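One structure below.
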Amino acid sequence: MFIFVYINQHTNQFICYPITNLTMENRFSALLLLLILSLTSFQLKCHSTSPEKLKTYIVYTGSSVIDEESLLSLHNNMLQEVTDSNAAPKSILHHYKRSFSGFAVKLTEEEADKMAGLDGVVSVFPNEKKQLHTTRSWDFIGFPQKVQRTNTESNVIIGLIDSGIWPESESFNDKGFGPPPSKWKGTCQGPNFTCNNKLIGGRYYRSVGDGPVSKGDFKSPRDSVGHGTHTASTAAGNPVSMASMLGLGQGTARGGAISARIAVYKACWDDGCDDADILAAFDDAIADGVDIVSVSLGGFNDHNYLNDAISIGSFHAMKNGVLAVFSGGNSGPGPATIDNLNPWSISVAAGTLDRKFVTRVALGDNRTYVGISINPFDLKGKLYPIIFGGDAPNTKKHLPKSLSRICYTNSLDPTLVKGKIVLCEGQNKGTGPSKAGAVGFLTQGQSFRDTPFSVSLPGSYLDLKDGASVYDYIISTRTPTATIFKSDELKDILAPEVASFSSRGPNLVTPEILKPDLIAPGVNILASWSPISPASGTNSDKRKLQFNIISGTSMSCPHVAGAAGYIKSFHPTWSPAAIRSALMTTAKQFSPTNNRDAEFAYGAGQINPSKAVNPGLVYDAGESDYIRFLCGQGFSSKTLQLITGDNSTCPEATYVSSARDLNYPSFALQATHSKHNVSGSFNRTVTNVGSSKSTYKAIVTAPEGLKIQVNPSVLSFTSVGQKQTFVVTIDGAIYESIVSASLVWDDGEYQVRSPIVVYDVPIP
């Protein structure tokens, strides 16, 4: 941008000014200088970019191999090189310097492109905003409170990158806990926030957020949303007896690794979770000494793993022996909606529990209908007038019936709705009816019938048929009335099933890597809550809760993180891949007959932590395996050396590593679209972690039309830690979009199962 320049007579510095900023005092000097510059054909270009052209980018420079002071100087020099600005150091929003190297900075698109071309830069990508994926559960998966535990479970540290934590919750008291393990290098940050020997660390990040935090939030690790408190107590919360959400779901609320320590990294606020802050949280969590990191958030999936903050952060976690567990997303049930696809972490789907909440509705003519909701309110059978929202539009605000039909906020006329029950179309949490003074509400629809929502006033979600019956009653009755009862807790004999909202595969980035990896309880989960956060997520809800019931893959993710922490307590030297393998190969199998999306809905199956402690064999992998994988994805040796900080190189051009050669505990093969033909081979290696002397036989289950061979079909081991390699070959044709098969290694004591999925899924 070419603008006027003048010389400060006191400092002899060039000062850049837009023409509108020149004062009478310095205008003469500027005009004189402009004349001189024009006579000498010399131009001075100043770095002055309007704020609206700047965007936050993340500059990733790989592993940190130099000291902190030199690293910060390097970052600043790189920025100066692309911006040519003396004020460059002030533009950097955050330095990543503890576990890997990079920085977040505001740049123009042109500057970002220039930055990407500098030596030492792995990738430059825009900062995106991710979203949070929002008691009985542990017993349901066969993991009782009195399960066998080790004395070393208290050495396990589970980190959570989330919305923070409510430290005073009973789930996080430190009664009976000694000092944190010596490996802990973290801190307790921020005002009005205290850690203890259970909750040993807390940090918060707001380097990029849009302005100040909202009213009611805290510039500390304290949780105002409730989400982070819920996930932390699910992963590693203390047992709390007689816990309930206003009487619903009563029982003992507890985590999976109840003796593990908790460290929280608040990167999420009520406006979302910035990539720059998520990456900063990973940087600290790894250096602080966590063993497991649970991340219940997600969003945009870049087809380049090195342009994704989540993939970068979890890669460096893996590199340092830390297992990252992610929620798979709540964008189901469509295909290819799964989040967090990288192969060095775990992506988790959500399943149902064997309990469900139903809410009965009675009409004035004595007919009763059963809907779903989390409704702790009880109208005690009293009948109230009922009205259809479409008949009560707020004409004073000139809003159409199309909005009042769905009970949109401010769309209902309070004079017509006050003191009545309102029938709405579509899903609704009751904000509109509540604001208009309704005493209750009914909604109707067919989507997500397996997932009740929490309501801010008496309400129930009916199916379309029952909703139509209620509407017919309203329009055919002179004084229609109804009442809504408190929710009942019933046994769900069909559980576990895949939640309809749970995101599905296949993996669009690497089709040969099956995602999700596992499924865990994620519907109607009771856990601790932030007492200042609305129970139903609506601002009109003023109830103060210690525990809340919510659903999402956000809830299934910490179940797996807790289970991983439990396994880590028995096997502290196991790698992240070994722990993942143990969870996957011992998982409870789901039936593809009952799930049309098969493994793309549930991965290897539902976690079974008790069994996963002794899996028999594991599919292990480390940094070098993932480097070979990235070579096969087209990354150069130069780029990979920046990531690793060593002399890692890709294989010769004569051999290109396939994603099918990554030592993964599952198998995925995409058919040829034109003829549905399939042909492919997979190289795998298993490590013996069971009996020292054992012989495993391969048992293959495959549908007609598929030929699956394993060579060799028998593996013999003479010691613990011994490795054996085999090849799986698949040939044939499929005539359905998804075909399921499996490989089980069986020695009579252990059954090590891997899912095989062959597919030709049309992607919308």
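Positions of Cβ are set from backbone N, Cα and C atoms, glycine also.
Within the listed segments 127-148, 215-236, TrEMBL records region 'Disordered' for the stretch 215-236. Within its own chain, the compositional bias 'Basic and acidic residues' (216-225) has Cβ neighbours under 8 Å at 132, 162-167, 188-193, 202-204, 206, 264-266, 268-270, 530, 532-533, counting only residues six or more beyond its boundaries. The two recorded residues S554 (active site, charge relay system) and D162 (active site, charge relay system) have their Cα atoms spaced 10 Å from each other. Helix, strand and coil counts from DSSP across the domain 'Subtilisin-like protease fibronectin type-III' (661-758) read 1 helix, 62 strand, 35 coil.
Cβ contacts within 10 Å of S554 (active site, charge relay system), excluding its own Cβ and spanning all protein chains shown: 30. Note: D162 (active site, charge relay system) has non-local neighbours L132, D223, H227, G228, T231, A232, V264, Y265, K266, A267, C268, S294, V295, S296, L297, i.e. same-chain residues 6+ apart with C-beta under 8 A of its own C-beta.
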